[in-house]
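Enquirer: What follows is a single structure, and I will ask about it in a moment.
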């Protein structure tokens, strides 16, 4: 059941094949098995089931909920009424908001249930999900579940991944349902498990696999993992410079960043207001569209949402890309792995073969994106973080020598190094003597970057195709050296300019790397043309037949 | 050569110093170089270049709370004096994730104010964040308009009332630099005994118009006259209640002194002055203080001072950690404010701010009213100003005028006098304001009518008024009748009383005949007293004069 897509589950609930309660309980069951991955900061397993049945009653009373009782995970930087919202920080460790973010409320209005608040980088600053006061999030792909929780025989080490980049060639079938993909995609882990269950000599031994694991990406790593691991049918993340698309790519799920102004930011604890967009994690493009339709539209509470009426996205069963013009930006950084570059070439060829026109495009200012982003992000961070003074809410230091000292100690205790560094840098950029040189320039460069995209689109390009990340997920140990840690910033290269331009983008899991890890590719659309972008993304999804992660073997194990 | 060049260098430098220091020193240097010059160098100075006078330069910043039901960016109410922290929306407390939603009323009020002050409205203006840490500033920044304010380049004509009847009132004009929208902060109450601060956020987020003037005032009297006029305009427009006592109209003054024609001196800022009278006093004190400092050869520090009501002096405020860099940045959560006119009005959206429509809603402004009242009723400017500056009085005056308009006998001048003398003094004695007097305007009109028709005397008018305050439901005519307060205009009866006065005050009669005109007064008073104040004083005087001649 947890292998089903949201669309499939909704159909079965409608048909009476499944009950909402059952779905929620299964998800909770799965989530409990996966606590090792540390993707929930706050679990809301208890109130879920009871409310589900309540919601079901109200549905019988005639209310039609689009998402009856469906479990959703919500990144812990969206305010949830009476559920603590921590931003993975000491500052908000015990903060319980009195209101729901608009996007959360819209999910609840359709009957959805929050199953948990997901782990992330503190205040969404990072692209690893390891900078959380609640500990790092772990990627379920290639994760050795057996090491810590389950006793298994040693043969399990030898198992190999079957699906790799090359293997996708022969599985391009446009009409395959998501769940059939599931059944064909066999995770190495399930194989291990079958070996494990066959072994009944009772001689269990501790698995000696390397204790390392792959990171989930970030900053919305917890939400990506929650969806990838099948503990919910969709999740909210936030995307400021790629914080939704990056972990979606690393965890093999769909990650949608819509046009700035399409989804309300009310209740999303801000990182960079002018770049932040609520992100959507889903198992499939269809699911992403369903969730997007639920969330989108003007919100009176957020003046930056567009007031134009929203026309829901409707995706054809068999979308076509014939006649589309796909632009391929030429700039790639040296860090991008060959397999990612090859994958993009391959996919570009597939578009061409399906009747799309594929043309190279130039985005001359894209290379300034990360510098531009750093200045804008830090400046707004410095400003946004000024409200954390310990007076009205959140952590308050016991230091009462003076108000100034109270502020200083509170903020020192409440923020990690990354946050403090950005505040410091941002305040530096905003100084009267530096403003013109840094902030104003960055805003001008931002305009140039957006203009690049506008020029490309006005020249007849419908969509752009780029990698989402420059490689697959790195190992946690790789990031423990300082040099590598800072290199994670460069993973934003393909995602950051999209936020600067405000345009929509989606990452679609496309293939597995030679390490057996997911690689996503990014489709970039035009302002408010999510329909076209999602349509092409669905085509790509159907073509690639990505082997989704199946952790169903875990459900039957007694712990 | 070397010696000469040093001296010349010194002179060059000295010429750039304030003149009053230069002259003396320059003279000494010259006389040192050429003793013969001594006589010439000092005498012409005394004759042709008298020591210049220091002149004050004053600019004002006014924070006017916008009269609106809800705050500028949240839905919470704005009523004054509500229990602490009962008017605080989530946004006002800067809870994470909350966003500002602009209150259109605030924009319209500011546009109306800007139009009344003849400002140029920026069709597109933007909001900025001004950062500083303070416990009653929950977000750690104030939303204001720094880079592009709502309106610029206005002006306001104001009048300095004559100090005595001989002098003419003086018309003045001050330039408005800009009007910007911003939000108020909360309030801190510092409990020094228990070492704690209590924060009330009721005021946090209330809309403010910051009105900044050019340094166009030379003293406190000008500034005060300007502020009274501005206050009057805001109240007339209904964009601010103008109540300084409740903090809805706050003034900061920037003050420096210089010699006319020379660059401005270093300025000080006097903050948080809570009445116009104190603004005037603070400015005049500060000009005096700065002048004395400079005369004593000291320098003026750029500093913030406050006004001590008890001593009438300005004192240095505790330095807020010296220089503050407010790190302004554009407010990313608010789109620009667009102000349209009839030409640019978009067809689709009816909820936009249209300055032409707002222009039409502007009521008669004080200056227009002055002109009209002068022309229509031949009232003196001073009289009109008295009516205008007494809060609510002009409305009562015009309401009475409207009631008695059909009656040519009732004179506006007399209505004005009655209101400003009798009505106001009774109100003050009873500690009431015009708004809560409880006296219907029609009753006041009745009193004025009876007075001008000689049915009651002016003295009686005040008694009627006092009686009316005691029993507001009574009709004026009833009061007059039941007290038998009708004026005695019967010549024969008055003559009898005058003769009685003649016989009782022979000395006064003698004095009058010797030329002491004022000696007639005891005679008049006698008649008035004999009639309980009901005798027509003018007629009594006429009869007495006739008898005396």
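The backbone N, Cα and C atoms fix where each Cβ goes, glycine too.
Pulled these features from TrEMBL for this protein:
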ACT_SITE  A:75  active site, charge relay system
ACT_SITE  A:219  active site, charge relay system
ACT_SITE  A:243  active site, acyl-ester intermediate
DOMAIN    A:22-143  domain 'Amidase'
DOMAIN    A:203-534  domain 'Amidase'
Enquirer: Any idea what the model's mean pLDDT is for the domain 'Amidase' (A:22-143)?
Expert: 89
Enquirer: How far is it from residue A:75 (active site, charge relay system) to the residue listed as 'active site, acyl-ester intermediate', counting Cα to Cα, in Å?
Expert: 11
Enquirer: Tell me the Cβ contacts of residue A:219 (active site, charge relay system) under 8 Å, same chain only and six or more apart in sequence, or just say none.
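Expert: A:120, A:121, A:124, A:125, A:126, A:127, A:128, A:129, A:238, A:240, A:243, A:247 - these are the non-local Cβ neighbours of residue A:219 (active site, charge relay system), listed in sequence order.
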Enquirer: Per DSSP, residue A:75 (active site, charge relay system) is which: helix, strand or coil?
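Expert: DSSP assigns residue A:75 (active site, charge relay system) to strand.
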Enquirer: Do you know the DSSP helix, strand and coil residue counts for the domain 'Amidase' (A:22-143)?
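Expert: Split into helix, strand and coil, the domain 'Amidase' (A:22-143) gives 42 helix, 19 strand, 61 coil.
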Enquirer: Other Cβ atoms within 10 Å is the metric here; tell me which of the active-site residues A:75, A:243 scores highest.
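Expert: Neighbour-count leader: A:243.
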Enquirer: Using DSSP and collapsing to three states, where does residue A:243 (active site, acyl-ester intermediate) fall: helix, strand or coil?
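Expert: Assignment for residue A:243 (active site, acyl-ester intermediate) reads coil.
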